[in-house]
Amino acid sequence: MMKLYGVIGDPIAHSMSPAMHNDAFSRLGIPAYYHPFHVKPNDLKKAVEGMKAIGVEGFNVTIPHKTAIIPLLDELDPLAEAIGAVNTVVRKNDRWIGYNTDGDGFVRGLKETLGRDLHLDHILIIGAGGAARAIYYTLASEHVRLIDIANRTMEKAARLAEQCPFETKTNVLSISEAEQRMGNYSIVIQTTSIGMSPKTDEMPLSLSLLKKGTFVSDIIYNPLETKFLAEAKKQGAITQNGIKMFVYQGVSAFEKWTGVSPDANRMEKIVLEQLGGYHVNR
């Protein structure tokens, strides 16, 4: 029998997830279909109840529902609870279980690119929003040696560090302090929207003291190379945009639904082929 999966969001028309997941279902011989559901905030409760009623097996959650959906679920994975946001829902014994695969997606993409564990790294995270929280908590759960968080509002970064459920040494820095310490880092992760289209001439901080060979990631993928990544490349850094995070959060969701690992390289190829001149939603 054909199983139904999907993604809910507002807007949802430009979601890349259906193409990515439906190709994986087809190639793996799994009788399933992934559908985009346009759900407005006022309709969220009805939508979640309706999907359970019609037998949906699982779904992704994107803007603006990642936090609002939490009280509508039957159970939360501990990491999703700590992050305070859900992007993947799995049906188990007729109960909705919420997960967050954003941080896991980023870390898996990072490890795949670097080809190593992250235990000995000194990492800088720029930003203290939802993406930063997911990435920081997942890195902390991996027992990274030292993590610095830099944000324009230091109080927000401090709250992020204080609320982390995993033990890891963390420093909270101002933007200027992070700029001065830039030569200390082996990995720099840019999690803000600064530099995203249409404001592509902006950068969150200066990279003038960045050392050659540092791995620099920007979770933005519109444009595919932000000014931040272009500057990092000029300084001799290894750079990565947000495509791998997007792909691997999808890989993690697919695995939770089916117990099978899809071809991540194939998923990435589909995303890159279908990228147009618009920002890609989940």
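Just so it is clear, glycine is given a Cβ too, placed from its N, Cα and C backbone atoms.
According to TrEMBL, G127, A128, G129, G130, A131, N151, R152, T153, M154, E155, K156, I219 bind NADP(+); the candidate from G103, G195, G242 that the record adds to this site is G242. The annotation in TrEMBL ties S15, M16, S17, N87, D102, Y221, Q249 to shikimate, and of the candidates under consideration, T62, T67, T113, T200, the one tied to the same site is T62. Take S15, M16, S17, T62, N87, D102, Y221, Q249, the residues named in the record as contacts for shikimate: the widest Cα to Cα gap among them comes to 18 Å.
The separation of K66 (active site, proton acceptor) from R152 (NADP(+) binding site), Cα to Cα, is 24 Å. Ranking the recorded positions K66, G129, A131, M154, G242 by Cα distance from N87 (shikimate binding site) puts K66 first.
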